[in-house]
Amino acid sequence: MEMQMSNSDRYRIEHDSMGDLRVPIDALWGAQTQRAIENFPISGRSMPQGFIHALGFIKAAAAKVNAELGLLPKSMAKEIEAAALDVAAGRYDAEFPVDIYQTGSGTSSNMNANEVIATLAMRATKGPIHPNDHVNLGQSSNDVVPTAIRISATLAVQGRLLPALKHLRKMINKRARGLGSVVKTGRTHLMDAMPLTFAQEFGAWSAQIVSAEARLNDTLKRLHRLPLGGTAIGTGINTDPHFGRNAVKVLSALTGIHFESANNKFEGLAAQDDLVELSGQFNTLAVALMKIANDLRWMNAGPLAGLGEIELPALQPGSSIMPGKVNPVIPEAVVMVASQVIGHHTAVTVAGQSGNFQLNVTLPLIAYNLLESATLLGNVVMLLADKVIVGLKVRQDRVQEVLERNPILVTALNPIIGYEKAAVIAKRAYKEHRPVLEVACEESNLNPVELARLLDPAALTEGGIHVVGGGGG
């Protein structure tokens, strides 16, 4: 990277293997980054900050290990490492403008990091530091970028998403304990069904979150295997045989996460199956969150003409024309986030099969979609917990009114009077808009006290077979 000043105050002239190029005077990047900026004016969206920070960690680890192996002067390595750690800390995020739709290997972003770090290190040493020969020593974009994706995705999941899910689970469980004795009408096919408690309903949501946490933790084990050291195609050409394993140890120390050197680096470059798997876990979580959000929307619907079982916290006016209207805005946001994450997974799935021969060539797309999914999910899960679950109120009068008039309670009489007789009672109760207990007293030979016991909604939430003269069994 050779630099000379142009006559313009706004630009300097940088040189790379393809010739001279004008670069903004204050930019820390060099010619290869500038070429990428000019080649890919596509979306206006640059690579995620977490990915850039991971590149910083990798360059810092590489400089340290190359110095220990005697491949890089210690003084130079020290300045490269310091500059790289500044990148990892997010101090130079604005210096990474390359579009996500770029070369499929992510080479432009890797060179962006190499050039910025070289410039910063040169400022400290006052001597020449080359982005390829020194900062990128022993590396290739083909092993650096897949490694950066795995590091940044792991940090995003462990640092934000998993803690958010744990918080949501705790809030759901807390509300379930507080509402444990409140019985409500269950629904299947959106139609009235047998009763259950709010604790049982919320418990199902909590179980979904527990399963999501377990799936994510299991997938992360495979993301911890880093292909750094495989260089161009997995053979490790132009790098010390000890570089990859030693650099991964340094990365573990820098991030606080136990990473391992991948046993098969060919797989780590050519196949991104573990990243597709992680995206699949995001997809599954999105489905779970959409189910929970839609349940909340249905339960909150009304307040007069819908189910109206719960009242969600009022966060903002819901209509520009209908005064007093308040909408379930957070559950709606959850649904939209879930929809976007499901779309991201489709993109990652298609991108994952683009590993022709020795290299996947859609790595920036995988990185962007994975990290955005993790960010969206982590943020919206916290909102769901703190702005919905914590503050929702149960409208017990409404819940009790509907419960008492639910003809499906007659299901408990099936073992005693038979399905057909029970159906007669249910249909009559529906038709006459009367409590099922009243109709059952008229249509059966059972006494009112026994019927009241058999049709007690709270007892029915415990399951079992309810018989005359006894409890559930």
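Glycine is treated like the rest: Cβ placed from N, Cα and C.
What Swiss-Prot annotates here:
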- HIS189: active site, proton donor/acceptor (ACT_SITE)
- SER319: active site (ACT_SITE)
- 105-107, 130-133, 140-142, THR188, SER320, 325-327: substrate binding site (BINDING)
- GLU332: site 'Important for catalytic activity' (SITE)
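Sequence features annotated in Swiss-Prot and their locations in the structure.
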{"residue": "SER105", "record": "substrate binding site", "DSSP class": "coil"}
{"residue": "PRO131", "record": "substrate binding site", "DSSP class": "helix"}
{"residue": "SER141", "record": "substrate binding site", "DSSP class": "helix"}
{"residue": "THR188", "record": "substrate binding site", "DSSP class": "strand"}
{"residue": "LYS325", "record": "substrate binding site", "DSSP class": "coil"}
{"residue": "GLU332", "record": "site 'Important for catalytic activity'", "DSSP class": "helix"}
Pairwise CA distance, SER141 (substrate binding site) versus GLU332 (site 'Important for catalytic activity'), rounded so that it is a whole Å: 40
Inter-residue Cα distance where the pair is PRO131 (substrate binding site) and the residue listed as 'active site, proton donor/acceptor', in Å: 62
Residue pair THR107 (substrate binding site), GLU332 (site 'Important for catalytic activity') - Cα distance, angstrom, rounded: 38
Binding-site residues listed as SER105, THR107, SER141, THR188, ASN327, least Cβ neighbours within 10 Å: THR188
Whole-number Å value for how far SER319 (active site) lies from ASN327 (substrate binding site) (Cα to Cα): 8
Entries of SER105, ASP133, THR188, GLU332 which, being recorded positions, have CA atoms within 10 angstroms of the residue listed as 'active site': none
Least buried by Cβ count (within 10 Å) of the recorded positions HIS189, LYS325: HIS189
C-alpha spacing of GLU332 (site 'Important for catalytic activity') relative to THR188 (substrate binding site), in angstrom: 22
Candidate binding-site residues SER105, PRO131, ASP133, LYS325, pick with smallest Cα gap to GLU332 (site 'Important for catalytic activity'): LYS325
